[in-house]
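Everything below concerns the one structure shown next.
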Amino acid sequence: MSVNHPCVKDNVVTITYMKKLNLLLLFVLACFCVQAENGYDLWLRYLPVSNPVLLQQYKQQLVSPVVLGSSSTVSVIRTELASALKGLTGNAYTVSSSLTSTNTLIIGKADASKILSPLVTKEELKQLGEEGFILKAKPGKTIITGNTDVAVLYGLFHYLRLMQSNQPITNLNIISVPKLKLRMLNHWDNMNRTVERGYAGFSIWDWHRLPGFIDQRYIDYARANASIGINAVTLTNVNANALILTPAYLEKVKALADVFRPYGIKVFLTARFSAPIELARLKTADPLNEDVKAWWNNKANEIYSYIPDFGGFLVKANSEGQPGPQDYKRTHAEGANMLANAVAPHKGIVIWRAFVYAAENPVDRHKQAYDDFVPLDGKFNDNVMVQVKNGAIDFMPREPFHPLFGAMPKTPLMMEFQVTQEYLGQATNWVFLAPLFKEVLDADTYAKGKNSTVAKVIDGSLDNHALNGMTGVANIGTDINWCGHPMAQANWYALGRLAWNYNLSSDAIAEEWLRMTYSNDAAFVQSTKQIMLRSREIMVDYMNPIGLHHIMATGHHYGPGPWVSNLNRPEWNPVYYHKADSIGIGFNRTSTGSKAIEQYFPEVRKQWENIATCDEKYLLWFHHASWNHTMKSGRSLWNELCYKYNTGVDSVKWMQREWQKQQTKVDAQRFKEVSMLLNVQLEEAKWWRNACLLYFQTFSKQPIPSNYEQPDKTLDYYKSLRFPFAPGN
Ligand code: BDP
């Protein structure tokens, strides 16, 4: 339910009053249905509560709501509350702004009224910080409060979530404080509105019509983010264009920042390191050059004159052809600190990416970021965070956690996940990513003994860092349902929820998302949740089982391409990663191979370094295993590969069967869309299986066991497939 719908005009003038009314009603209903079922409303649908007992309970509590205070955020709270209550209960509530003794729902900052303060203790308020909230039931009333208006907005969304997912709202006593301070989305949006690795249409930033035209989408985007606690966004691609830093574009960025501010969202920009050369014709972008420093200082001042609460810069430097400090023989720290000095007077920060690897460097790509960054630990300014991808290669369907986590105790490390499914089926496959995110966050680095999880590294608790955060590369575009695949919205949702509280289970996240986005029907939720929870493992099976990785086709990364070996940079070729030969398959990263395993702490190393005991999820990640290597199942490696690929395909068939059972529970449009996409997913799973097994068979020289479906095309056929216009590339 977008809050500011364009209103429906009565254009039926010649018919009788009753007919007119009926028609109008139908028209409004039709509009509502179309609007409601195309996915645009995300998890903020606010559909009528169908359980009469609950509805009665809710109505009792909602008799007389009041929202205290006055700010742009308070206005947002009022509008959201009124719209949600109307949707959920069917009643139009008047949300008052002054407190009376009869108010049953009191919403506002703790200092907004003398009445609110005594209802919560000083200790509780202290615990909340700036963004935490309290939902508390007192005799005859419920309060939603926090120390800031934005905290109250978060509290409201939590309260609405309870109703949307049919939870009781009596006797509430909830204190919720975010685990991470920066909860972010990185848009890889180009200024021409294409989206790098975007599979949901074009960029939602309509640069050409900004700043004059404010698309309703910006507002609904901000609402959606606030509802899951996301409080920061970078608008532009990490492969940056310096033009975003020019006055004409800063005006546009300001317009977006103004829209987002009431929702508690700060704007960041990506900074192209060579901008002083490109925009001001300086001869150099050397971070130690005085003119360069002055240029960035002035640029920062200029940006803050437009956007006083500008978050800062996100930088990809000396990676995949991007300019950076190493072009001038300076370190990443010297580059980051120069920019950090420019934004420091304004309380801005610099987020410097650790995703670096160089074509000239013959060392295993897995090791390069660690080699570059660990020596710089302690050399970054206080307002710099280093942003590390979850794994050392690149957002694979499964990767061991990045060895940098735990290895730079003096530097706040920020987590970078990829929400857009570049390597995970793009917009045709249904894959719920919370289990992937959780697997990484829960992994133990052993940096300070047992229970030094990645989550504790990034929340700053392991090493006492004030700055901390987590980001996701956004999967959002102009598609009516925002994310391409109707089920991909769940990944945006999961990113926000886990950044708020990484202790939430994948199960809980899937359940709340399904209830709000689809239906509270218990049987539907149960079955569909199972599909979601298994979906990532299913994809690993038919795409990259047993630790295989980066065997996608070139460039667009759509579909299999394990045979690719002709790209300029060795580490861009899939053959670099699987190393299949007549003896076996897999990348030896142990002490007899690239030694990448030595970048992990000894307790972690122990889990993986012995081929006989290595967790088989990572077997081919760390070992070159022989085709006849005996797996824990008793099968040979070759037979296990055949088994995994076929299990993956069979499991997609299971997903289809389970989904078909939901037909009566789901609206027609989304049911059909998901059904069609599952058909595509099955075809793609078979394609992956057939192409990979046929190709690896040229090395193993063993048959695909006859109990499995045999490939119906030749390897040459799969090799010949081309997708020149695949999206996101
Ligand atoms: C890779 C993407 C590429 C990005 C790069 C990055 O294929 O488009 O620019 O990551 O994160 O996964 O910088």
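Placed from the backbone N, Cα and C atoms, the Cβ positions cover glycine too.
Curation plays no part in TrEMBL annotations; they are all automatic predictions.
Annotation for Glu320 (active site, proton donor): same-chain Cβ neighbours under 8 Å, separated by at least 6 residues, are Asn239, Tyr357. What TrEMBL records for Glu320 is active site, proton donor.
Taking all protein chains in view, 19 other C-beta atoms sit within 10 angstroms of the C-beta of Asp394 (active site, proton acceptor). In the three-state DSSP classification, Asp394 (active site, proton acceptor) falls within coil. Under the heading active site, proton acceptor, TrEMBL lists Asp394 (among others).
In the three-state DSSP assignment, the secondary structure recorded for Glu422 (active site, proton acceptor) is coil. Applying an 8 A CB threshold to same-chain residues 6+ apart, the list for Glu422 (active site, proton acceptor) reads Arg197, Phe395, His557, Gly728. Marked as active site, proton acceptor by TrEMBL: Glu422 (among others).
The domain 'Alpha glucuronidase N-terminal' feature in TrEMBL is assigned to 42-159. The predicted model assigns the domain 'Alpha glucuronidase N-terminal' (42-159) a mean pLDDT of 94.
Sequence annotations record features per position, and here TrEMBL assigns domain 'Glycosyl hydrolase family 67 catalytic' to 163-482.
Annotation comment: TrEMBL describes 483-708 as domain 'Glycosyl hydrolase family 67 C-terminal'.
Across the range of the domain 'Alpha glucuronidase N-terminal' (42-159), the DSSP-based residue counts are 54 helix, 19 strand, 45 coil.
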